[in-house]
Amino acid sequence: MANADAKLAIITGAGQGIGEGIAHRLAKDGYSIAVADINDETAPKVAADLVAEGYQAKAYHVDVAHRDEVFALVDAAVSDFGDLAVYVNNAGIAFIDNFVDSKPEDVERLLDVNLRGTYWGIQAAGKQFKKQGNGGRIVNAASLAGYEASALQSAYSASKFAIRGLTQSAAKEFAKDKITVNAYNPGIVRTKMRDAIDKKTAAIKGKTIPEQQADCLSEIAIGREATPADVAEVVAWFVSPAAGYITGQSLQVDGGMRFH
Ligand SMILES: NC(=O)c1ccc[n+]([C@@H]2O[C@H](COP(=O)([O-])OP(=O)(O)OC[C@H]3O[C@@H](n4cnc5c(N)ncnc54)[C@H](O)[C@@H]3O)[C@@H](O)[C@H]2O)c1
């Protein structure tokens, strides 16, 4: 672990999908898990599943777009479980639309959640780690769309490019405090977000959903989509002692879709 005395891992967007996978993986490594999500139905269920498996976990309500809620989340989880070891900025949203048709409210909400939410998370976790004085690990959800922007995903792609920028900037500032900051860039992970993306993309392109999915699959060298567990393994490595010399990096977890 990053800090032998700290056992708390806060994971935003952990109520389903990739975040849920990360919660289970880090629990297995001995962390107490703060299952932080805007969804008050799924997050308590994930926390209850973890507790039933013998792990320490609790659900927290947060809308990461609101800075005060993100800071309150860190305070509450630290008060429940002790020093913070890991903060995963996983929460994110996507919408699919033509550039010219994208609605202002969709663009603004997406940037509030993906970009500002990650900013507030890095800020709140960074402050807490500096206060504790013993290092820490921050991991952010970027995307393959943050390396090569996707059509129909203008705001999403821009937010993910920006998250790689935040990751590098925070890594440079925090390194002297033994805090590493890295990011994962999934390609195609079968989650509810991906189901919604496929449905809308297929509709705009005039394809069936299976056709749209087959097109994407044909781009994956390894020949299958990712699972949340594939991504969680990368996060577990980023926060492990083995990755102590790695910071400011964004790692492709895409089965060989793009080679940068
Ligand atoms: N699924 C993919 O193929 C894929 C690819 C690249 C990147 N990603 C990124 O990985 C992350 C997780 O994606 P996923 O596929 O598991 O998505 P998902 O939609 O299945 O799950 C996202 C979770 O985040 C929560 N959430 C949304 N807005 C929130 C907010 N404002 N505050 C707190 N929680 C909020 C949701 O309630 C949900 O539980 C996202 O940042 C996404 O952009 C996913």
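Cβ coordinates are placed from backbone N, Cα and C, and glycine is handled just like the others.
In TrEMBL, annotation is done automatically, which means it is predicted and not curated.
Annotation comment: TrEMBL describes 16-18, Asp37, 63-64, Asn90, Tyr156, Lys160, 186-191 as NAD(+) binding site. Here TrEMBL flags Tyr156 as active site, proton acceptor.
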Residue pair Gly187 (NAD(+) binding site), Tyr156 (active site, proton acceptor) - Cα distance, angstrom, rounded: 14
Candidates near ligand 1 among the binding-site residues Lys160, Val189, Thr191, judged by a Cβ under 6 angstroms: Val189, Thr191
Val189 (NAD(+) binding site) - helix vs strand vs coil (DSSP): strand
Position of peak Cβ density within 10 Å, selected from the binding-site residues Ile18, Val189: Ile18
Among Gln16, Asn90, Thr191, the most crowded of the binding-site residues [Cβ within 10 Å]: Asn90
For Lys160 (NAD(+) binding site), the three-state class that DSSP assigns: helix
Between Asp63 (NAD(+) binding site) and Tyr156 (active site, proton acceptor), the C-alpha gap once rounded to whole angstrom: 18
Number of Cβ atoms other than its own within 10 Å, given for Gly187 (NAD(+) binding site): 22
